[in-house]
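Asker: Annotation comment: TrEMBL describes 21-175 as domain 'PIH1 N-terminal'. Sequence annotations record features per position, and here TrEMBL assigns domain 'PIH1D1/2/3 CS-like' to 208-277.
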Amino acid sequence: PNRCSSLLGIGLNLCLKCTTMGKMQSENPRDSRVIRPQPGLCVKTFTLPDKRKVFVNICQSAAVPPPPPLSREALVELLESEDPTGYRVPMSIGEAHTEVDNNSQGCTAYDVVISEDFFQKCQKDPLFQQFLIAVSLEGLENKYNLELSRDWKVLKNRKFLGSVNEQNIRTKSKPVIQEIEPKDTHTAPEPAKRPEFCLLVEPPVGDPEFLIAEIQLPGVASSLSLVLDLGEDRLVLNARPSLFHLDCFIPFFIDQEGSVAQYNTNTQILTVTMPVVSS
């Protein structure tokens, strides 16, 4: 039996690719790189309720950072804890591609790339492998609004369905605010302040459709000095030079590409509207 069959109900947070949002700043090509992952294992499952066949190619690459160290004992404690959302597995999830299975039937395949070291660790322990499959399925569900069956099967004689596709992953960006030696060594620069902000849910009752962040930025004259990054469950804002810094987690999974940011220079309030894809 799958020991991790109930993992997807616990809402594990996944560290997926973050995208710079809004028209304030376009993504710098130098902050990303193209990788060709190595095959790992292929998992067969199907969508619910229509039972369309889906294959998940779990790949490996040294370019993807590993998650924090985790022993088998710690994994067991994590799965049995009431709040296992603190452990994150960095992964890159590719777009769907159409393939043909062994019965010459059309099917859908997805590529999930994780750290090479973490993949090798999961190969040595069945519990870690089941955990890896569970978080990969949850990552696909959150990103593409799917519902996947937990009655999955690892293919024994196939590590990958289709051809290995290149993926564009984001590298670790340089800090927006760099420390510069001041001319007057006796005057230290003031640290960036955490701005006042509030999060609003629309509609206020029922299933949330949008999450709206209103961030007060007194003294910021233009959006040109703002750098906003949105992850699937995280918002990071910097106002240069060292005026404000905000790093907060979002209580919902959001659609990064569909999010919009607007700055009102009169009220000096930044409004970020984020469609909710999963609670």
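Along the chain as shown, the residues are counted starting at 1.
Cβ coordinates are placed from backbone N, Cα and C, and glycine is handled just like the others.
In TrEMBL, annotation is done automatically, which means it is predicted and not curated.
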Asker: What are the DSSP helix/strand/coil residue counts across the domain 'PIH1D1/2/3 CS-like' (208-277)?
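Answerer: Grouping H, G, I as helix and E, B as strand yields 3 helix, 40 strand, 27 coil.
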Asker: On the 0 to 100 pLDDT scale, where does the domain 'PIH1D1/2/3 CS-like' (208-277) sit on average?
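Answerer: Overall, the domain 'PIH1D1/2/3 CS-like' (208-277) comes to a mean pLDDT of 88.
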